[in-house]
Each structure stands twice: as C-alpha cells, then as structure tokens.
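Participant: Quick one: the structure is below, and I'll ask about it shortly.
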Amino acid sequence: MLKILLPTIMLLPMTLLSPSKFLWTNTTSHSLLIATISLYWLLPTYYPHKITTPWTGLDQISSPLTVLSCWLLPLMIIASQNHLHHNPMQRKRMFILTLTTVQPFILLAFSATELTLFYIMFEATLIPTLILITRWGTQPERLTAGTYLLFYTLTSSLPLLVALLHLHAQTGTLHLTLLKLSLPPLTSSWTNFLSGLALLTAFMVKAPLYGLHLWLPKAHVEAPIAGSMLLAALLLKLGGYGIMRITPLMNPMPPHLHYPFLTLALWGALMTSSICIRQTDLKSLIAYSSVSHMGLVIAASMIQTSWSLSGAMILMISHGLTSSMLFCLANTNYERTHSRTLLLMRGTQPLLPLMSTWWLLANLTNMALPPSTNLMAELTIMVSLFNWSMPTIILTGTATLLTATYTLHMLLTTQRGPLPTHITSIPNSNTREHLLMTLHILPLLLLIMKPELISGTPL
C-alpha cells in the first residue's frame, strides 16, 4: 500500500520544486509510473484481503477502484494542460497540487478497512474538489455550485457519523473484518431502521440517487475539466462503493427501507435519461447521464445478489472511464468554440475527422454496445433485477432505450449538421488529446478480454 501512497504524496514536493520548463512532463510521467505500478493490485488472490496494513486492505471490491483512481490522475493532468496555458507558474503549481491532494484521500477511502478512517477520507475528498470548482471554474455561478456540493454532502454525512458511532457503541469495533464476524442481531426496531437509513443516505447523495442529485449537474457544468473527470470517475464511485460496503452490515435489511431506494433509483434512471434528451448544454447532458448509470448501480447493490454486485462493480469501472472520456471530448470542443451549447458546436466532423472517431467510440461505449464492459455490466444488472422482480424489466428496458436515444442525439448534433457561421477557423486536434482519448478507451477494450479482474467476485 505504501508503495503507491508514498510516491503519490511525494508528487506534492515535486510539483513545487520542478523547474517551470519540466513541470507538466515531470508530474505526468511520475503519476503514470504510479498508475502502472498500481496495476499489480488487480492480480487475483484467494485471500479476502490482499495487501493488509492495520488500517487498510484491498479486496476484490476495492482493488479495481483504487487502480482506477491511480489511473485517472495522469489523465487529469494531461487534460488540463491547455486551459492553464496562460496562467502564471504559481497558479499552475497550485492546480496540480490540488489535484494530487485528492489522490491519497481517495486511495485511503477505497482501501480503508476501518470505518472511521473511511469516514474521514470520504469527507476529506470534498475539500480539494470544492477548491477546484470554486477557484478554477469558468463562470461566476461556480460559487452556487460549490455551495450546493458542500451542503448536500455535509448534511447527508452527519447522520452517517452518528450511525457509525452508534454501530461502534453496539459492537465495540468498526473494523470491517471484525464486523463480518460479529454482526449485531438487527431486530426490526425503529432505531435500527433509522441507523440503516442514516448509513445509506450519505452514500445515496454521493452516488447520486435521483431526487438527491441536484448538486451534480451544477458542479459538473461549473467545474474545470479535471474537476469534472474527478467527480464523474471517482467521487460518484465513492457512493456506490459505500453502499456495497455498508449494506452487508445491515443484514437482513428491513424491506421498507430498500424499496423506496430501489424505486427511486430505477425511476431516476428513466427520468434522467429523458431529461438528457432535452438538454441544450453538453456538459449537463453528460452529467445527467451519469445519474442514470449510477441509478442502475444503486439498484443492483441494494438487492445484494452476487450477480448484481459484480454487475454494479463492472458498471462503476466502465462508467468511470466512459464518462471521463466524454467530458474530455466535450472539453476539446469547448476549447475550440468556447461554448457548451449543443447547437453552437454542430458539424465538427469535416473539421476534426479524428476527433469524431473518438466521439463515436465514446458514445458507443456509453450506449453499452458490444464488445464493451458496459454491456456486460448492464446485462448482468438487468438479469439480476429481473430475477428479483419481474416488472423491473419495464423500467430498465425503457431506460436503455432512452440512453441509446440521447447518446445518438449527442453524437449527431456535435458531429453532423451544418457548420455554424461564427466558426471561421478552428485549431487542429493535437497528439496530447489523442493520447488522452487512447488512455481512456484502451482499458475499456482490454478489460472485456478478462472482465473478472473488475467483477468484484473472488476468483
């Protein structure tokens, strides 16, 4: 564990001390090295925890997510080079510092085996994200977006703290490995119902569940590209991971607790997909599509069958890469046209033919077309939900149909159609952007060869 954590922390002095000529080169190559070394966490094992220290340990659920978070740091640094181009040196250093600070927090949150450490790190990721949005966002509305993010997260996670303290008072420990051995006999009293609700609400807001999702489009639209990638790929996964970690502790879960969550998640997948169809803002569209995908993850991790849990796991990883790639593509368009409105970005295919190839690939994976891991995940989730209750197929099927509709709508409006008259000259796509897209899509295409690495089931 320290093999990754210490080099990540040493990135901080490196950004401060690198000569200005080599700042981007040093930080990118160093974080790529860390990402490459972290790949050995994916090695399958028969033990419940692979790499254990007293407070942290990796099992089949957390190792794919930690590798994903290591993988995304260099991508975020590569993506934000262009829009920081005119900033003074100190500001660039501060930006990279903020990005790097999130990394150890997220790694510790995903690998913590002690729930107090998990809670502290879960909250600590909020601070650098808030700084990213309110300091490097594009419009003055970023302050309201920051306020939304702060208050939604804080009000939902205070009950989580109280519930964790209550759990500690009941059992005398918060170690996940020990909690599995000493489950408190959960009677159907209202205190246990309330503590279960408190444990779940914080993760539902983070995931986000439909109805508690209003902070997400705001934060996404106002955040810089690195902030958007961080939110979509990693912070939403904290919510899903928390649900998958906490729900086994509340066994058996009171049924009147998880029915509302399930219905809201599936209905939300339907609603946000239909909201996506009438979005005019590109980043907002991608943000709402994240809500509908995470709705499937929530629904799957609530019913707790082995199929649905592994489907939720695969969907979290593949959605992290896909939505991050879509945000990068939206950003490349934004840097050329300085607009996020779909109608003002039409017809870029003849101008940037290679970029439209990336657009096509990203949209196909977002639609869950074979041979992407998204398809495998969505099929697994749908089958397990159908097995649990027949009528869910109506909701999930309609949501899939609407997902395909808005994805094709996004592809056609950005790539086809007449070119807007105000675009006279447009800079070419460069190698940096193509490398960025390749590093996003390559893991997706390779993981379908061996999906058990990320399926969360012990081999």
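Cβ atoms here come from the backbone N, Cα and C positions, even for glycine.
Features from TrEMBL:
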| type | residues | note |
| --- | --- | --- |
| DOMAIN | 1-108 | domain 'NADH:ubiquinone oxidoreductase chain 4 N-terminal' |
| DOMAIN | 112-403 | domain 'NADH:quinone oxidoreductase/Mrp antiporter transmembrane' |
| TRANSMEM | 21-43 | transmembrane segment |
| TRANSMEM | 94-112 | transmembrane segment |
| TRANSMEM | 118-137 | transmembrane segment |
| TRANSMEM | 149-169 | transmembrane segment |
| TRANSMEM | 189-212 | transmembrane segment |
| TRANSMEM | 224-244 | transmembrane segment |
| TRANSMEM | 256-277 | transmembrane segment |
| TRANSMEM | 284-303 | transmembrane segment |
| TRANSMEM | 309-330 | transmembrane segment |
| TRANSMEM | 389-412 | transmembrane segment |
Participant: Which residues of the chain, 6 or more past the ends of the transmembrane segment (389-412), have a CB below 8 A from one of its CBs?
Facilitator: 266-267, 269-270, 273-274, 276-277, 279, 282, 285, 289, 292, 295-296, 299, 342, 359-360, 363, 366-368, 378, 381-382
Participant: Ranking 118-137, 189-212, 309-330 by Cβ pairs under 8 Å to the transmembrane segment (256-277), which is first?
Facilitator: 189-212
Participant: Sort the residues of the domain 'NADH:ubiquinone oxidoreductase chain 4 N-terminal' (1-108) into helix, strand and coil with DSSP and give the three counts.
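Facilitator: Split into helix, strand and coil, the domain 'NADH:ubiquinone oxidoreductase chain 4 N-terminal' (1-108) gives 77 helix, 1 strand, 30 coil.
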